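Notes follow the structure.
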C-alpha cells in the first residue's frame, strides 16, 4: 500500500468517525438509539449506500469488533458497583446461563421451521442471537433512572451472558463440521471451563493489574493505557487457554472499579472516550460489512423470527430464569423481558460460521443482522416508554455539574464536586454555618461571578454561586439533596407519595396517626423492616407495597437498609398537611 492509499484510508476513516459523531445529535430527535446512527453511517458508506465502499473482510471485522467489545466490557465492568450484587448477581447469572439457553433453543426451533433448515443449523441461528449485548445495554441504560434491581440485573446479565452464547455457537459449529447430531458430556465440561477459567483469570489478572498500577510511579496519562493493555492481555490469555475472554475482562474491570486504584478518575475519563470510539468503530465496521439488498429476500421470515424471539422466547426465558427470585414484581419481569437488546455480539458470532466455511453461513449472518436491526429499532427506541409503563423508573439523584479526583495519596478516593446554585435550590439564602454537611466533607471554594470569595460561616449563598465541595463518592446522595432543588409535589413527591416517613418509625405509631389496622402485623416493627420483609429481604428505591389500601414506596436506602418510605393516599383521600418524621 503506497502513501497515497494510506492517506485516503486515514481520511475516509476519520470522515466516517466525524460523521457518526455529528449525526449522533439526531438520536434524540428521531427517538432511536445512538448506536443505530453509527450503524446507519456505516451502511450509507457501504456497498449499497452513497459511499459505495466494498468491504468484505470478515476476519478484519471480527478482530476489530472483538477488540472494541473488550474495551467496552472493561469500561462497563469498572463502572459497575459490586454493591448492586446484593439484589442482582444471582438473577443476572440465571438469565446469563439458563435464560440464554432457553432463548437460543426456542429461537433455533423457530428458525429451522421458518427457513426450512436442518435442526442443528436452526439452533445455530438461535445460539448466535441468544445473548443480550453489553455495548447496547450499557449505552441505553446509562442515566435512565431505573430502579437498582432492574437496572443492575440487566447490566450484569449483558456483561456475563456472552460466554454462554459464544460457547453454544462454537459447539454447534464443531458438531456441524464433524457431522454429529447429539450433545455429549464434553459439552457441559467445556461450558464449565469457559466460565471457570474466565472468572478465575479475570479475578487473578485484575488483582495483579491493580497491584501493578498502585505500586508503579509513572506519568498520569500512562495509567489508563496500562489498564487497557493489562485488560486486553487478560482477554487474550483467557481465550487462548480455553476460557471466556469476554467474561475475564468484564470481571477484571469489576475488580479494578471496586477497589482503591491510583488515578481512578484519569482512568475512567480515558475509558469513557475509548468506549465511545470502540462503539463507533465497531458499528461502523459492521455497517460497512452489511449488504442491505441481501436482507430483502429474507425480510418476512426474519421479521417473524425477530418477533417470535422478542415476544415469546425472551419473555419465557426471563420468567423461567427468575422463578426462584420472589423479589421481582410482575412488571419488573415484563420490563426485563422486553429489554432483551441485541447488538454487535450476534453479528460477531455470525462471522464464526463464515470463517468456518459452513453451508448457509451467509444466511446466518444476514438473519442475525436483521434481528439486531429490529431489536435496536423496536426495543431500543421504546425503552423509556416501557420503563414508564412498567413503573421501574425512579427519580434520578441530583448530581454535581462536574467532579474531579484529588490525587492526595496513591489510592486516594477524595473528589471535588462542583455545584451551581439556581433560584430553585433550597439552600439559597442560607448561611454556610446553617448547612448540614455530611461528615467528612468540606466546602473548599465559593465563586460568585468571576471572583473567588473568602467565605466565613456567616456568608449567605446566592443564586448562581458555584460551590466546590471535597468529599467521597458515598457523600453524593446527601450532597445532592443539600444542593438540589427544593422538593415539590411535581417532582419526588409525585413518585414517592404524599408523605415521607423515616424508616425507623414504628408501625404502631404510624397506624395510630393515620387510623390504620395492624391486623397480624407486629406493631413494634419499623416501617423499614416491614418493607424489606414484604419484598423478600432485598429492597431497592422504588419498591412499592400495598397495605391498608395505601401505597408505600421505598424512598431512600443506606447500607442495604430502608431509611425513608413514601406514603401515598388514594386521590381525594389525603388527610391533613404533609408530615415529615
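Backbone N, Cα and C atoms are what each Cβ position is placed from, and that goes for glycine too.
The domain 'RCK C-terminal' feature in Swiss-Prot is assigned to 403-485; the stated evidence is sequence analysis.
Feature annotation from Swiss-Prot assigns transmembrane segment to 3-23 (among others). Proximity of distant same-chain residues to the transmembrane segment (3-23), defined by a Cβ-Cβ separation under 8 Å and at least 6 residues beyond the stretch ends, is recorded for 37-38, 40-42, 45, 53, 277, 280-281, 284.
Away from its own ends, the transmembrane segment (34-54) comes close to residues 12, 16, 19-20, 23-24, 26-27, 135-136, 139, 279-280, 283-293, 343, 373, 376-377, 380 of its chain (Cβ-Cβ under 8 Å, at least six residues beyond either end). Per Swiss-Prot, the feature transmembrane segment maps to 34-54 (among others); the stated evidence is sequence analysis.
Within the chain, the transmembrane segment (58-78) has long-range Cβ neighbours (under 8 A, six or more residues past its boundaries) at 134-135, 138, 155, 159, 227-228, 231-232, 235, 245-246, 249-257, 267-268, 271-272, 274-275, 278-279, 281-282, 285-286, 288-289, 344-345, 347-348, 351, 354-355. Annotation comment: Swiss-Prot describes 58-78 (among others) as transmembrane segment, evidence class sequence analysis.
If one looks beyond the transmembrane segment (87-107) by at least 6 residues along the same chain, the residues whose Cβ comes under 8 Å of a Cβ in the stretch are 123, 125-127, 129-131, 148-149, 152-157, 160-161, 163-165, 168, 305, 308-309, 312-314, 316-318, 320-322, 324-325, 327-328, 336, 340, 538, 540. Sequence annotations record features per position, and here Swiss-Prot assigns transmembrane segment to 87-107 (among others) based on sequence analysis.
Away from its own ends, the transmembrane segment (109-129) comes close to residues 103, 165, 168-169, 172-173, 175-176, 181, 298, 301, 304-305, 308-309, 313, 342, 346, 349-350, 352-353, 359-360, 363-364, 367-368, 371-372 of its chain (Cβ-Cβ under 8 Å, at least six residues beyond either end). The transmembrane segment annotation in Swiss-Prot covers 109-129 (among others), and the record cites sequence analysis as its basis.
Per Swiss-Prot, transmembrane segment is recorded for 165-185 (among others).
Counting only same-chain residues 6+ beyond the ends of the transmembrane segment (187-207), those with a CB under 8 A from a CB of the stretch are 163-164, 166-167, 171, 230, 233-234, 237-238, 241-256. Per Swiss-Prot, the feature transmembrane segment maps to 187-207 (among others); the stated evidence is sequence analysis.
Taken from Swiss-Prot, the feature transmembrane segment covers 231-251 (among others).
If you look at the transmembrane segment (280-300), the same-chain residues 6 or more away from its ends with a CB under 8 A from one of its CBs are 16-17, 20-21, 35, 38-49, 53, 55-56, 58, 60-61, 64-65, 68-69, 72, 115, 135, 344, 347, 362-363, 366-367, 369-370. If you look up Swiss-Prot, you'll see 280-300 (among others) marked as transmembrane segment.
If you look up Swiss-Prot, you'll see 303-323 (among others) marked as transmembrane segment, on the strength of sequence analysis.
Same-chain neighbours of the transmembrane segment (334-354): 35, 58-59, 61-62, 65-66, 68-69, 95, 103, 124, 127-129, 131-137, 140, 150, 153-154, 158, 162, 165-166, 169-170, 173, 282-283, 286, 289, 309-310, 314-315, 318-319, 322, 328, 360-362, 364-365, 367-369, 371-372, 375-376, 379-380, 382-383, 386-387, 390, 392, counting only residues six or more beyond its ends whose CB sits under 8 Å from a CB of the stretch. According to Swiss-Prot, the transmembrane segment annotation covers 334-354 (among others).
The transmembrane segment feature in Swiss-Prot is assigned to 367-387 (among others).
Secondary structure of the domain 'RCK C-terminal' (403-485) per DSSP (helix as H, G, I; strand as E, B; remaining residues coil): 13 helix, 29 strand, 41 coil. In the predicted model, the domain 'RCK C-terminal' (403-485) shows an average pLDDT of 83.
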